[in-house]
Amino acid sequence: MQTEHVILLNAQGVPTGTLEKYAAHTADTLLHLAFSSWLFNAKGQLLVTRRALSKKAWPGVWTNSVCGHPQLGESNEEAVIRRCRYELGVEITPPESIYPDFRYRATDPNGIVENEVCPVFAARTTSALQINDDEVMDYQWCDLAAVLRGIDATPWAFSPWMVMQATNREARKRLSAFTQLK
């Protein structure tokens, strides 16, 4: 995969430039555009992934299915599809927006900051996973209700963005719709 960049944003969310992704994530990370996606299988189960230990921010942490950064000229939905192929080796249904105005700032134990405008999506797949070990070290298909109970009981065991997304009432409602079999 070619070098990725983040799209830098001003306080109003207007693009101001780009920066190489690895260089962008520091103790003083500038506000930038990202996305987060929750992926469900044909049984209505959620894919929870554990970030590879080589990840700069939150290595080894359990999180939602896939996250990333749209590239210049790429829609958020196109970016979700691209990252699902790259990280998980799967084709997905068109991503659906479940929390369009999510924005957060969090600092990991190593001092790396995430500072993102991060629309949240959900999608389905019927493909078999082909995990990219550079991105994901472990994964589990889980019942959404069990994951939400785990987040409520032990939020420290999950990425902060996953916790913040999952504790939003409207996002929970929209995620629950993906557990219904089609």
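Going from the start of the chain as shown, residues are counted 1 onward.
Glycine is no exception: its Cβ is also placed from the backbone N, Cα and C atoms.
Here the structure is a predicted model, which means the values were calculated and not measured.
Less than 8 angstroms from the CB of E116 (Mn(2+) binding site) sit L31, H32, L33, A34, R103, Y104, R105, W161, each of them six or more residues away in the same chain. If you look up Swiss-Prot, you'll see H25, H32, H69, E114, E116 marked as Mn(2+) binding site, on the strength of sequence analysis.
If you look up Swiss-Prot, you'll see 30-164 marked as domain 'Nudix hydrolase'. Per-residue pLDDT, averaged along the domain 'Nudix hydrolase' (30-164), amounts to 97 for this model.
The active site annotation in Swiss-Prot covers C67 (among others) and is backed by sequence analysis. Neighbour count (other Cβ atoms within 10 Å of the Cβ, all protein chains): 26 for C67 (active site).
Among the features that Swiss-Prot reports, Mg(2+) binding site is placed at E87, with the record citing sequence analysis. In the three-state DSSP classification, E87 (Mg(2+) binding site) falls within a helix. Taking a C-beta cut-off of under 8 Å and a sequence gap of six or more, E87 (Mg(2+) binding site) has these contacts in its own chain: T49, V66, G68, I131, N132, E135, V136.
Annotated active site per Swiss-Prot: E116 (among others), in sequence order.
Here the CA atom of H25 (Mn(2+) binding site) lies 14 Å from the CA atom of C67 (active site). Here the domain 'Nudix hydrolase' (30-164) has, by DSSP, the following mix of helix, strand and coil residues: 31 helix, 46 strand, 58 coil. Around the Cβ of H25 (Mn(2+) binding site), the number of neighbouring Cβ atoms within 10 Å comes to 21. The Cβ neighbour count for E114 (Mn(2+) binding site), using a 10 Å radius and every protein chain shown, is 20. Highlighted in sequence order, V6, K21, A24, T29, L33, A34, N115, C118 have their Cβ within 8 Å of the centre of the Cβ atoms of H25, H32, H69, E114, E116, the residues recorded for Mn(2+), and are not part of that set.
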